[in-house]
Amino acid sequence: MFSLPLHQSKLIFLLSFLLIKTLNAQPTYLLSYCYTSGNYTPNSSYKSNLDTLISVLDSQSSNKGFYSYASGSSPTTTVYGSYLCRGDISSSTCETCISRASKNVFIWCPVQKEAIIWYEECFLRYSSRKIFSILDQGPFVTWTSYDTTLYQFYFINTVEYRMDRLIQEAYSSSSYFAEETYHVSYLGEVYDLNGLVQCTPDLNQYDCYRCLKSAYNETKDCCYGKRFALVYSSNCMLTYKATFLAPPPPPPPPPPPPPPPQRLYGENDTPSSDESFSFKLGKVFRRIIAPVIAAVVIILVISVCSLCCCCIKKKKKANQREASIEIPTLNTGENLTVDHQ
């Protein structure tokens with residue numbers, strides 16, 4: 001059997017580990033949006049300023065979670081851009097995400113003057129108009145899951161309450177960021193509800209609140225009742241996810257069919273009116289009518305027997321009288337009696 005030397009096996013294992021770690025560290029691409037406000041030509045000043053902007057943003061991603069920059073001196077060729085990384089990721093993950101976004105945005109939007117690219121870990125945008133400290137009511141990117149929780153009404157109410165608290169916490173803080181893990185246990189369904197909200201730091205408090213509320217309202221259209229929801233705009237991020245800690249319980253069995261109607265009743269049972277009448281009639285028959293009928297039958301039998309006896313006796317006496325007949329003689333004065341007995 002072929003086997004590798006020990007040092008080669010260790011090297012292969014190390015390379016495999018690094019490859020898996022690298023693949024797992026790759027940012028998750030969501031969507032790109034190319035605005036229709038205008039295009040630039042490849043060799044224009046706008047293109048040159050755009051390249052400078054992207055280079056600066058990429059270089060700052062190693063130590064900053066948010067950065068904005070403007071490249072150019074002429075109002076017609078100046079490019080404004082910024083990026084935002086999620087507050088719960090490491091600086092290396094942020095750097096990887098912005099580096100990937102700065103390259104791929106030109107693949108999806110090769111000539112547009114304004115574009116935005118979203119990853120789950122970050123987003124990057126640029127424009128020919130001023131975008132700093134301005135709430136953009138532009139497009140949203142939404143992601144959701146197909147699966148739901150067993151008790152949706154309770155889940156929806158819990159999500160709404162917890163996300164509202166997170167939004168208040170985020171726009172009230174200096175970082176415009178808030179996250180939490182809320183443990184839920186309801187009728188055997190146990191899960192952790194992880195929530196995260198974040199705004200770009202250049203917004204004021206009111207605009208941060210408006211952005212996050214608009215993002216949450218988007219979840220009611222795309223993700224209502226779903227275990228996972230993600231809504232990003234060009235100024236804020238909002239996401240939540242329910243992670244089950246135990247398999248959800250099976251749905252309760254359907255109720256058993258109703259028992260068939262009972263025909264026998266105890267002392268305290270109350271039958272229906274028709275059945276009660278029949279039941280009472282049977283009791284009356286057994287207690288009163290049946291003995292009366294039996295007595296009548298006995299009397300009739302005795303009467304018939306007595307009548308038969310009387311008839312037999314009368315018939316017998318009649319036969320005896322007919323048998324005793326007087327026969328007169330012709331010549332003598334004596335009577336002859338004939339007895340047939």
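From the backbone N, Cα and C atoms, a Cβ is placed for every residue, glycine too.
Among the features that Swiss-Prot reports, signal peptide is placed at 1-25, with the record citing sequence analysis.
Here the domain 'Gnk2-homologous 1' (28-131) has, by DSSP, the following mix of helix, strand and coil residues: 34 helix, 32 strand, 38 coil. The feature domain 'Gnk2-homologous 1' is assigned by Swiss-Prot to 28-131, with sequence analysis given as support.
When other Cβ atoms within 10 Å of the Cβ of Cys94 (disulfide bond) are tallied across all protein chains shown, the result is 25. Annotation source Swiss-Prot lists disulfide bond at Cys85-Cys94 (among others).
Taking the Cβ of Cys97 (disulfide bond) as centre and 10 Å as the limit, one finds 26 other Cβ atoms among all the protein chains shown. The disulfide bond annotation in Swiss-Prot covers Cys97-Cys122 (among others).
Remark: secondary structure over the domain 'Gnk2-homologous 2' (136-245) totals 39 helix, 41 strand, 30 coil, with classes taken from DSSP. According to Swiss-Prot, the domain 'Gnk2-homologous 2' annotation covers 136-245, on the basis of sequence analysis.
Proximity of Cys199 (disulfide bond) to non-local residues of its own chain (separation of 6 or more, Cβ distance below 8 Å) is seen for Ala170, Tyr171, Tyr176, Phe177, Asp207, Cys208, Cys211, Leu212, Asn235, Cys236, given in sequence order. Residues or ranges marked as disulfide bond in Swiss-Prot (evidence: sequence analysis): Cys199-Cys208 (among others).
All chains included, 28 other C-beta atoms sit within 10 angstroms of the C-beta of Cys211 (disulfide bond). Annotation comment: Swiss-Prot describes Cys211-Cys236 (among others) as disulfide bond.
According to Swiss-Prot, the compositional bias 'Pro residues' annotation covers 247-262.
Under the heading region 'Disordered', Swiss-Prot lists 247-274.
Between the C-alpha atoms of Cys97 (disulfide bond) and Cys85 (disulfide bond), the distance comes to 8 Å. In the shown protein chains, 27 other C-beta atoms lie within 10 A of the C-beta of Cys85 (disulfide bond). Cys85 (disulfide bond) sits 4 Å from Cys122 (disulfide bond), taking the C-alpha atoms as the reference points.
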